[in-house]
Structure formats: C-alpha cells, structure tokens
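Right, one structure below, let's go through it.
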C-alpha cells in the first residue's frame, strides 16, 4: 500500500476511517508530532455542579426519527438508537430508542401513584417513595420494538443500521420484581392476565400473562444507574425482559388483574402479525433471536485490507450461543467471536477479522440462541408468514452489500 | 406426585416456589417474600374508578352507562376529529382512513381500519376514551364516546345511523374480523445452521 496523505486525510473525515484506519498502519513514516495546544493551555475549570455531557466532537451521535416512514405528527412517533456508534453493549441513556403514542408526559414523581387492583385480595396504591424503599434488583437486558425493521423486508429503504435496526437498545434496569408487589396484594388463583396501563396521554395499555409477570418482570424506576429519563418512562415503567418493547408500559400507573386478555386496540389492530389467509397473529410477545453487523454497515465505506467486523446479537428467549458471519453472500459461514459477558436477554457483541480483497460481496450475520433456535432469513419467514403492510417481529438475517468502491449498502430482498 | 402438585399450583405459588428454588440464569432473583415490605396503602376499588377506564373486548365488561348514535357522533367528529382524520374519517392531514378494508385481508393490500381490524367493538370505545382526541385525551363524556363509536361503526357499514350504542348494544355487534386472530405459535421458522455449501442469501444486488 502506498503512502497517500491526501487520500488518508480525506478518509479521516468520514466514518469509514473507524473501519479502515487499521489498513494504513505501518505503511509509511508518520509526520513529526507537534505538541498539541491542549498541552499548553489551561483546561476548563470545574463548575460547582453539573451533569456531564458528551464531547462537542461527538455531537453527530444522536437518536433520529425515521427518515423512511415519515409521520405527519411527532407525538405517536419513534426514534432510533445509533447502533453503529454504540461502542459497548449498554446504550447510553440519552440514546435509548423511543416509541411514544402521545408524546412524552411531564410527571412529578411526588404526585405519581401506582395501583394494583382487580383480582387481588387487597388493592394497593404505592407512591414513588414507597417503591424506592424496596430492595432493588438490577439487570442488563435489551429492549426491542416489535416494529424494528418495519421498512426493510423485501427491498432496501433505510440506508443506515440506525434506521434498519435502531429500535433496539440495552440498559441496566433497576427496580422491583413485579412478583414482590403482586404477592403483597394477594393474587387471586383465577387471575391469569393483567392489564398494564401508562399515565401518558395515550394511556397506552397491554394485556400481559400473569405467568410472565411473576417470572421475571420488573417495575423499573432507573436505567444505567440514574432515574429513568422522561422519554423512557419517568418515574416508573414496567419492564418485560425479552418481549416486544410496547408491553414494557412506560409511565406505569396501574396493573389490573383479570382472568382473560382485554383485546385492546394495541393488541388487535396494532402489534399483530399478518399471516397467510388474511389472518393475524396475536400476543406474539417474544423477540426471537436476531443479529446485525453494525460495522461495516449501510452508508460506510471500507478499503481493502484488514476489516474488523463488529455487530450485535440478542434473543428474547435466553442467551446468545453463537453468531455466524458470511463474507460471500451466504454460501459459507464462519463462527464469530463473542465478547463477554454473554448475558440472558441482553445485547451481545460479536467480532470477526476479515481481509477484504476489494472484491464486491455481501456480508451478514446469523444468531443461534441458547434454545438452539437459528435466526431465519427473510425467505424462511416468508414461507410461514404474510409479508405485507405493517409486518412486525422482523428477525431475518440482514445482508449488507459491498461494491468495488467499498461502499456498504442495505441489500435486503 | 410432583406432576400432580405442578398441575394444582396457582401461578402465584408456582412463581414463589421457583423463586425459593433459585434461578441459575438470574443470580439476583429471590422469593417475593424475601423482598416484601408491605408499603402499599390499601385502597378500595371505588377510589380507583377514575382510573378504571379499560373495557374488555369480548364481553364489553367495563363499558359505562350512557349511549350515543351516529348522528350525534358525526357532529362531534366534525368538530373534534376531522381536522386530523378528515371528513367522514376518510383520511386527513395527519392520519389515514378509518373506513373500509373489510375483506381486504386476503388481498396483498390489507387496509387496516377499525371496521376491518377490530375483533370486538367495545375496544373501539376503549381506545377513543383513553386516547382521543390526541390533544385532549380523556376529555369526552361517556355519551360522546358512544356517539363517536357509533359514527365510526356506521361509516364502516356495521351499524345503522340511528342505532343507539350503549353497553349492551355495542358488545352485541359482531365485527367482521372476530375470528381473524391466531395466538402466537412461534417458533414458526426452522432455519438450519448451515456452514458450507449453503443456499446464497437473497439480496437486492446482483451476485458478484
């Protein structure tokens, strides 16, 4: 490889340098190092108090609304996590994806109340201060919207992995097991479902099986060590590990126990899967095993040489057992390295070193989870479901094409 | 013996026992009793009534007293809803049509409207009451909510213009998509972990 300073300078201005920068190492003699200004001047003093923010040089790292299925209002809308800029398994709190049904409410925690009623021995109401006195648990879990991938089933629409897969985040969630509070209210033996309802302007609600609530669901008030952000449900939300995000009701105000599901709009007219013969699949809560390569990914540019392929894998059924990567459009696959710790229902990073020769190709990843379930292709899914309209629960293998110029593009089909 | 016990356990008991037994996958789990603090304040259902707005689809449980018809609903809709949903709910500046689509699910252009999609009419009342209008949710009276529900059902050809909708009549309407749902039966794919000589992925670019 020849030394070409102008080309290197140009590349340094693009996101591609993160992917291809390695290629130039050892190729030529670097320029002499001047002493930087930061070594020769006073730094910024410490203010008496502050909430630290990212460097101004990172101001491009932002949640973004959809640029494909653009809504005409921004109250029932969504924004995506920039997965290609997420460097660990935990999503920075300010970048956790959003899906609201009537905007973000402003709730004073001193006035917030959470009620448990319906088929219980004793209906109870809790203040935030009550709830925060309970022994807490903290768990790392991913959260994914059932509509993640909505626009990209049969032909490319989104250009970046932020838009194709960014209705996905991962955090350390802190709160109380739902079972603890339900047990205090005294669950009727006949109660099999509970309605969870939010205190926002949509009063978003879902029916949730008691079995799951008692198993591992949490009443959450914190994420990543601090109180929830308003857009993530401040001051209180439900968190249902491994299930579609919209059942983890934000701004939670009540759980009402019953002996059958409610069949609300949000579980009939929405969040259901089109199936053959005009049918719809309902209560498809679990987010099945899935993975995506985040680097290199859509809109990046790579150069021939060593490429570190990086991505995320996850499963709502358990742990990631393995991730396979294809570098030749699916003809052959090799197992990628998983970065520990590999946790239950949690984002897991994988990596694979590749020496790109400059030949056009297609790359993709495939997740295998701890139940042995293998991430399907869209073609596999299409055999058993109807892909039309608002298709949900898209966990198909996602291909990125790379052309001779090194440009990476969404290649879904 | 053990299987008999399992069958007769309630959910609450089952979860309690599972917690006591420990959960290897989640080292932080413990029994609900171990965390119990009994800090909740007892409340009676009557004092939760303002929050107790849910309506159960299949039998309409939770539908309040009151009634309304499509004529009254049209006037309300024109005043409070048409600015987003369009005249006669045919689609407006913000949202698409809420009329039609019945019979479209077996075509490749499924049109989702309250008429075509909802399996139970009471769910329409529930949604309007909890979430509409977007700028002033939970501001409609019961009669207004019944009237708007009646209007949308009428526009979809599911009830007459003068039909009074109330707790009894609304639950009695048979929606076209009543039997349109199947419960989650996944995993429905059976992908194999092929490593060599696999079928190439379908892609939107020509193979190199």
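Heads up, residue numbers simply count up from 1 along the chain you see.
Backbone N, Cα and C atoms are what each Cβ position is placed from, and that goes for glycine too.
Residues or ranges marked as domain 'Oxidoreductase molybdopterin-binding' by TrEMBL: A:101-261. Per TrEMBL, domain 'Moybdenum cofactor oxidoreductase dimerisation' is recorded for A:284-390. The region 'Disordered' annotation in TrEMBL covers A:32-54.
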(request) With DSSP as the reference, give the number of residues of the region 'Disordered' (A:32-54) in helix, strand and coil. (result) 3 helix, 0 strand, 20 coil
(request) Take the domain 'Oxidoreductase molybdopterin-binding' (A:101-261) and average the pLDDT across it for me. (result) 98
(message) Please list the DSSP helix, strand and coil residue counts for the domain 'Moybdenum cofactor oxidoreductase dimerisation' (A:284-390).
(response) 7 helix, 48 strand, 52 coil
